[in-house]
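A.B. asks: Pulled from TrEMBL, these are the listed features:
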TRANSMEM  B:6-29  transmembrane segment
TRANSMEM  B:36-55  transmembrane segment
TRANSMEM  B:61-80  transmembrane segment
TRANSMEM  B:92-116  transmembrane segment
TRANSMEM  B:136-162  transmembrane segment
TRANSMEM  B:191-212  transmembrane segment
TRANSMEM  B:224-250  transmembrane segment
TRANSMEM  B:262-280  transmembrane segment
């Protein structure tokens, strides 16, 4: 009996001291204006999206380091508070709730992937926070009526292939592909890219002969490949992430299917891609929102400082994350505040009315946060991935029809 | 429906079924010997695939040769795991606690793989990755043929061991009736340890086979364990021939069903079969008198 009461008192004391330190912590975090600007982020650092999630983390950290080296934002240092949501939509909601309500961060940045962006944007919306995100490109992100959301990349998923669609439509009738096969992961972003092109191809009279949708956990693509091979479609379009594209391409090669045109989203721009496919990459097309060579303001500095810190140049995930930082920073500098409350609405209003220069080019948004650009089209040419469309920035001529793989 | 597509899908289904059969054989073995539900089986599978990939990257030698290291290694790990961890669980709650234990092992392996090799998705690039042989109009990929060959050879070896060696007889006796086996002088503890090692050795072979024709990443094992668990229940828990037959039937079924139903619905065949088995024939469709006792 005695021991339990002593323990109870001990526990009470412990709890009280914890509460005290917690109070002390939050006081110094949000109260005064001279302290650092804290930015809350939840990222999938483990689980299904761990790889791109870590890319986004590197991008955010590169941005914060660059900003702090240059003296900070509004003369204050920036400080990132990054939580791991384990690629889980419930966790991401809880994370942003606690970042905004408990930690009282001054600003938030978005997580990775549409599936996590939508629930977290809703939380930010409820608190009236500006929500700039690096990775939710699918149509439904912009159909939720969020007034606070901005996608920090050149184009939404459905517009990724716009330049390629225009190019195909402009081909002489006898050279144009007549049939097309589509295979898309059951994922808002991946389907968006493939079906954006599919709509335009069908309007141009190119018949859809295969339309396969597969769940994200699919690892065996031989049956899908068999269907595509049996249809003998002139072109194959993959709405893909990474492993699905690689497995599908190898499965198609194993069946000796030789299309005139092959386009896959995301995977071909991944540095691992040539290691996985070997010397059979020639002619594979992919849309991309970023290349390190892009000649736009701030990109050169970004590539240099990033490469110096990390030992390798940034990829698209890193660039989009960095862009997110640039977009928010531009608004903060222009409006002159960075805290919760009225300031957030001012930041949102400013971004709706202005264009921001970023490492992926100048960005502006419509009322739902859709960026108003299109993606460049890259192609594997002579063992390297090069921009082939649009004409004015191309590094190589597009190869068509695609050589055998 | 196109006849050649049907034939091609049938061929692909048989090749897939072979791999499933090998992987499920190990899983059902653990259950037969020790009533252990081995969630970590597919994690070891991915571990073996990573070792094959790493071996190939470091040496440039064909990843199949990594088998000479991984098979004995996994056998030893299996024996140690059984003796040091599984055998210490209380017999009364063994089956349930083994789920918890092996789940923890699976998470540990996944975490270590991510830590050591990062989450980057890897694939072994071989000169013959995209090659295929044409058989009556169907393309048979060389890597899939090798995988199937490995699976068939390992299953045959497993059958010979179980049927014709003294160890195999002790193992089967342990599976059938542990107390009776002890009465006739079989050291069931030691036999169970070796049996566990044998199961893990099949994971080494399966993982190496998998690495030839798959893109691997640390969390991939979760995609494998579900179908494999379904297979061993349909086949009758503890029955290796049952697991092999169920794997073949479900593998071919999945491949053929993809033509009319698409990938998403074709995947459900494993679970539909699982429900059907539990409702109609809970002891499994092939062999498996053992499961009746649960």
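Along the chain as shown, the residues are counted starting at 1.
Using the three backbone atoms N, Cα and C, a Cβ is placed for every residue, glycine included.
Remember, predicted model here, so these are calculated numbers, not experimental data.
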A.B. asks: Taking 3+ C-beta pairs under 8 angstroms (sequence gap of 6 or more) as contact, is the transmembrane segment (B:191-212) in contact with the transmembrane segment (B:136-162)?
C.D. replies: yes
A.B. asks: What residues in the same chain, six or more past the boundaries of the transmembrane segment (B:262-280), come closer than 8 Å to it by Cβ-Cβ distance?
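C.D. replies: Result: 226-227, 229-231, 233-234, 246, 250, 253-255.
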A.B. asks: Out of B:6-29, B:36-55, B:61-80, B:224-250, what stretch is closest in contact terms to the transmembrane segment (B:92-116), meaning most Cβ pairs under 8 angstroms?
C.D. replies: B:36-55
A.B. asks: Given the transmembrane segment (B:224-250), which of the listed stretches B:6-29, B:36-55, B:61-80, B:136-162 has the most Cβ pairs that are under 8 Å apart from it?
C.D. replies: B:6-29
